[in-house]
Structures are given as structure tokens and as C-alpha cells.
Amino acid sequence: MASILDHARITVLEQGVGLTQAGILEVLQLPDDEIEAALQLAHEVRMRWCGPEVEVEGIVSLKTGGCPEDCHFCSQSGLFSSPVRSVWLDIPSLVEAAKQTAATGASEFCIVAAVRGPDAKLMKQMRDGVAAIKAAVDINVAASLGMLTQEQVDDLVSMGVHRYNHNLETCQSYFPNVVSTHTWEERWTTLKMVRESGMEVCCGGIIGLGETLEQRAEFAAQLAQLQPHEVPLNFLNPRPGTPLGDRPVMDPKDALRAIAAFRLALPKTILRYAGGREITLGDLGTRDGLLGGINAVIVGNYLTTLGRPATADLELLQELKMPVKALSATL
Amino acid sequence: MTYCDRCGDEGVHEACAQARALEPPRYCRHCRRRLKVQVVPSGWSATCVEHGAIDG
């Protein structure tokens, strides 16, 4: 009987068709001695359907903390005893952060706010901030502002925001264990509006929230159904004061299985290394991921935690002969 | 009296010091107040309402 990797070599690598949920689960259940082969195949799939370029992005928090939602992994919820205080970034600092991001060669700069959805104050700050960035920096601007109304979607399009991030975070069946203040379906509704607006859809989540392997496979299959332009893959970084603050960091081997499985589920999608990779996989993990299906990275720091220096990732890309995707190639 | 700038408890903690390699400070070492912290791609800034800017 052919193994799941033999099957994936035909359907995913040769035909560009992602694995089914059952196939994804088989990859997530591979024994340790087959992880390397899974990563190798995922890398071949990425090279065949996406190419060698790596999309580099910087992210910044425009409005930190004080969020009314209860996402159990998040240190920015105002409902937990997290030490993260509420703070707003001013426009000159936002532009400076975009400049610093562009200086790394990045083509993406994502502005993030810890909110259920944007209010009038935040939308004004976005309008002013995006205009100031576009006047000073040559970089694509993305946004992540929670759940949107149709009017807000239209406003973001008119500002020139080209991609919108709204993570489903985990699969539909596990979501109520992670968030109680809104539903997975509400997030899906925002994603549909974003898709129909013409903005690129960026949607991923966090691995290691306590979901089963079956639910991890369900999540990858649901993302494949959505067909986002980009999937950011985070690994839980347990934050003090949050309900998931005492969860263990996930097993690095499981993280590598997840990388391979998500690539084999999403052969043509930008698969981005996001938060938690340093604490889960260490420095070597970045290399393993980039040689295992990942074709995009967040460089520098995250929203409330710190990452590897951007130079470390850029030097690694050079060593691996993976060119940074140019801004002109993203337009 | 000094406080841990990660957890806010008294003293210095090895585990917190290790975690701080990938985290900005969250508490003032002098007064234990929570800091206003802004993380940007290339760094962070932190301010205590009583003691001012915190150096990295």
C-alpha cells in the first residue's frame, strides 16, 4: 500500500492539489523517522508551485492591549491579568517602523490593532497612518483590525490596504474552547467580505492551543477551503496571565510535522513563519521550516514579544539561496 | 528592593531572565508598576509613569 507521502508526491507535487483532511492527518501522525521525508516533499511542493522567493514582512501594533475579547492565548485581552498595558502608536513612529521594515527588503508591512473590530478613532488613525506610509515608504500595507463591517472593508480598500489579516486561529470544532466572546463563523463572515472586496486574504492561526491532531487536520482543511492568499503559521507562545499561560511549548517535532502538513494541504499558498517559531524550534528550526515548505517570514519583532534579528533571517535566506520576493513581484 | 521586570515579583529569577531574551520588560524594577511598552519590528520602548523611560 502506498504511503501518504507517495500519494502526496502524485496529487500535491505533480498535480498541485492539496491533501484531504484524512491525508493531512496522516502526515501529522507520521513517525519521527519520516519527518525529514515529509519536509523534503513539502519543500519540493513549495519550489514547484510557489518558487524559491521568500516574502518578507514586518508587523507592528498600532493599538496594543485593552482588547474586549477573550482569545485565551492572547496577552492583549483586557479580561485577563496579563501585564500588557494599553498603548497607541503615533503616526510618526508608525512611519518609522514601516521605513525600518522596508530597509530589510520586506515587501509587506502589516498594521495590527487589538480590538474586536475597529471604531471610528481607529479607522481615522488607519487612514492617516496608511496615507503617511504611502507618502514616505515604498511597501505594501496590510492590516489586521479584527472583525469588519462592509463599510469598513470598503474604507480599507479605498485607503489602499492590499491585504487583510484575520486569523481563524484554530478549527471550527475547537474554537469555542479558545474564544467565547465571538464565534468562528463571525470571523468567516469577515473573511468572505474581504475576499469579495478584492483585498488579498491572509488567514492562519496558532498551532498548539490544545487541539487534537484530528482538529489540527480539520483546521488545515478549513483553511484550504478558504483558499487564502497567505497563511501565517504561529506556534503557541504561552503568555503569562492568559488562560493558556501554563500550556507547554509544543514539541518541535510536532511543529515540523505541522509545517509539512500545512504545505501539503495548501500547495500554492504563501505559508508564513509567524510567532512562536523561536521558542518552539530555536534558530535551527527556521532553517528546517524554510527547507520544509515555508516561503514567507515575519522578520524582527512581533506585536508584544521579540523575534530573531532581521539580519539573522536575511543572512539565512542568502545562505539558502532563497531570494527575498521583490515589491515589484507582489503587485 | 528591586523587582523582576518580567513577572513583577521581588528579586531576580533565572527563568524570567531567560524568557526576557524574547520579551520586552513589563514591570518597573524600582516600583513594580506595569510599564507602557511599545514593540516595533526593530526594537522596543518602555516607560514607567514614575521612573520614566527604561533602557534596553
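From the backbone N, Cα and C atoms, a Cβ is placed for every residue, glycine too.
Pulled from TrEMBL:
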BINDING   A:Cys67, A:Cys71, A:Cys74  [4Fe-4S] cluster binding site
BINDING   A:Cys110, A:Cys202, A:Arg272  [2Fe-2S] cluster binding site
DOMAIN    A:52-277  domain 'Radical SAM core'
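This view paints the features noted in TrEMBL onto the structure.
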residue	record	Cβ contacts under 8 Å, 6 or more apart
A:Cys67	[4Fe-4S] cluster binding site	A:Cys74, A:Gln76, A:Ser77, A:Gly78, A:Ala114, A:Val115, A:Arg116
A:Cys71	[4Fe-4S] cluster binding site	A:Ser77, A:Glu169, A:Val178, A:Val179
A:Cys110	[2Fe-2S] cluster binding site	A:Glu57, A:Gly58, A:Ile59, A:Val60, A:Val141, A:Ala142, A:Ala143, A:Ser144, A:Arg163, A:Asn165, A:Cys202
A:Arg272	[2Fe-2S] cluster binding site	A:Glu55, A:Glu57, A:Gly204, A:Glu230, A:Val231, A:Pro232, A:Leu233, A:Ile294, A:Asn295, A:Ala296, A:Val297, A:Ile298
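Mean model confidence for the domain 'Radical SAM core' (A:52-277) is a pLDDT of 97. Within 8 Å of the centroid defined by the CB atoms of A:Cys110, A:Cys202, A:Arg272, the record's [2Fe-2S] cluster site, lie the Cβ atoms of A:Glu57, A:Ile59, A:Glu108, A:Ala142, A:Ser144, A:Arg163, A:Asn165, A:Gly204, A:Glu230, A:Pro232, A:Ile270, A:Ala274, A:Ala296, A:Ile298, excluding the listed residues themselves.
Residues A:Glu69, A:Asp70, A:Phe73, A:Ser75, A:Gln76, A:Ser77, A:Ala114 surround the recorded [4Fe-4S] cluster site, their Cβ atoms falling within 8 Å of the Cβ centroid of A:Cys67, A:Cys71, A:Cys74, which are themselves excluded. Around the Cβ of A:Cys202 ([2Fe-2S] cluster binding site), the number of neighbouring Cβ atoms within 10 Å comes to 26.
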